[in-house]
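Trainee: The structure under discussion is supplied below as structure tokens; questions concerning it will follow.
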């Protein structure tokens with residue numbers, strides 16, 4: 001039997017709390033030296049702050065423009081925009097609240113992400129806070145156990161076909177990032193990818209309706225309260241409004257803006273399953289969505305609607321979320337017990353409703 005290689009734990013210097021920007025073309029088509037350099041930079045950024053920005057990952061500006069056209073809530077071109085369709089059409093594909101994988105439409109306030117922090121990861125008392133967010137979730141086109149809930153084709157022609165294609169493209173891009181993380185952490189090739197090749201991942205379109213600043217400042221409703229995602233990694237595309245913030249690793253409870261960049265810039269954050277696999281060597285990126293930076297000093301007025309799209313790369317349901325042996329030593333014993341990814345996900349998601 002081959003000997004398990006221990007991963008060296010590096011003490012992280014946190015002088016720069018913001019995510020780095022890495023060019024994935026170096027990993028896609030670069031030399032072995034360039035691939036290694038990309039992987040090291042990728043790991044350095046997520047180790048520091050739980051986040052990294054990725055460019056030239058294979059999803060074009062034009063494709064992301066088309067993606068955001070489907071996310072609009074304006075009624076100008078209603079049959080091309082999901083969030084503008086009639087409420088009864090959304091209710092026809094509503095996501096049933098509960099711990100099963102999310103499929104279909106969730107209304108504003110349906111999910112309480114703040115409850116995901118009930119394990120003491122934050123000191124904020126937000127257990128009943130609600131989200132000013134509606135979203136549409138789709139699973140893998142090949143998922144027959146939990147099939148996606150699609151609006152009738154006559155209601156929004158082409159919506160299903162586009163999102164199913166975008167799901168496949170996003171999954172490929174996310175697996176590329178995971179492959180680079182394997183390399184940057186000196187793990188055996190495929191040890192993480194092999195756990196994420198199934199149909200457990202999810203694609204989410206987000207719409208944050210226009211809202212008064214005063215309402216957000218009262219604290220019982222937020223665009224998204226502080227939380228960590230439950231999967232392996234999240235690949236996010238955001239519009240130009242801003243409001244996404246990550247927690248400063250050296251100052252718990254303090255948050256820093258993650259401003260939008262180029263149209264196709266992909267913001268990648270480490271999620272809880274990755275933290276479990278690495279036995280807390282790489283920890284999940286805590287984040288929130290709040291008032292855009294340029295409006296922070298205002299006490300009144302309205303914040304425009306915000307849109308984003310997240311691809312949640314998740315482990316196969318039967319994959320273990322226990323720490324990999326490469327991250328377990330006598331000095332760093334396993335911090336998490338054996339559990340399947342599906343059981344872990346359902347246990348955690350049940351707290352959000």
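Just so you know, glycine gets a Cβ as well, placed from its N, Cα and C.
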Trainee: Among 171, 248, 251, 287, which residue does Swiss-Prot name as a further Fe cation binder in the site formed by 227, 229?
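Mentor: It is 287, as the record lists it for that site.
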Trainee: Can you tell me how far the Cα of residue 287 (Fe cation binding site) sits from the Cα of residue 302 (2-oxoglutarate binding site), in Å?
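Mentor: Here the two Cα atoms lie 22 Å apart.
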Trainee: Can you give the mean pLDDT for the domain 'Fe2OG dioxygenase' (199-315), rounded to a whole number?
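Mentor: Across the residues of the domain 'Fe2OG dioxygenase' (199-315) the model's pLDDT averages 92 on the 0 to 100 scale.
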Trainee: For residue 287 (Fe cation binding site), just count the other CB atoms lying within 10 A of its CB, please.
Mentor: 24
Trainee: Please state whether DSSP places residue 229 (Fe cation binding site) in a helix, a strand or coil.
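Mentor: Note: residue 229 (Fe cation binding site) is coil by DSSP, not helix or strand.
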Trainee: Can you tell me the three-state DSSP label for residue 287 (Fe cation binding site)?
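Mentor: Reduced to three states, the DSSP call for residue 287 (Fe cation binding site) is strand.
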Trainee: Counting each residue once, how many in the domain 'Fe2OG dioxygenase' (199-315) are helix, strand and coil under DSSP?
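Mentor: Split by secondary structure, the domain 'Fe2OG dioxygenase' (199-315) comes out as 14 helix, 46 strand, 57 coil.
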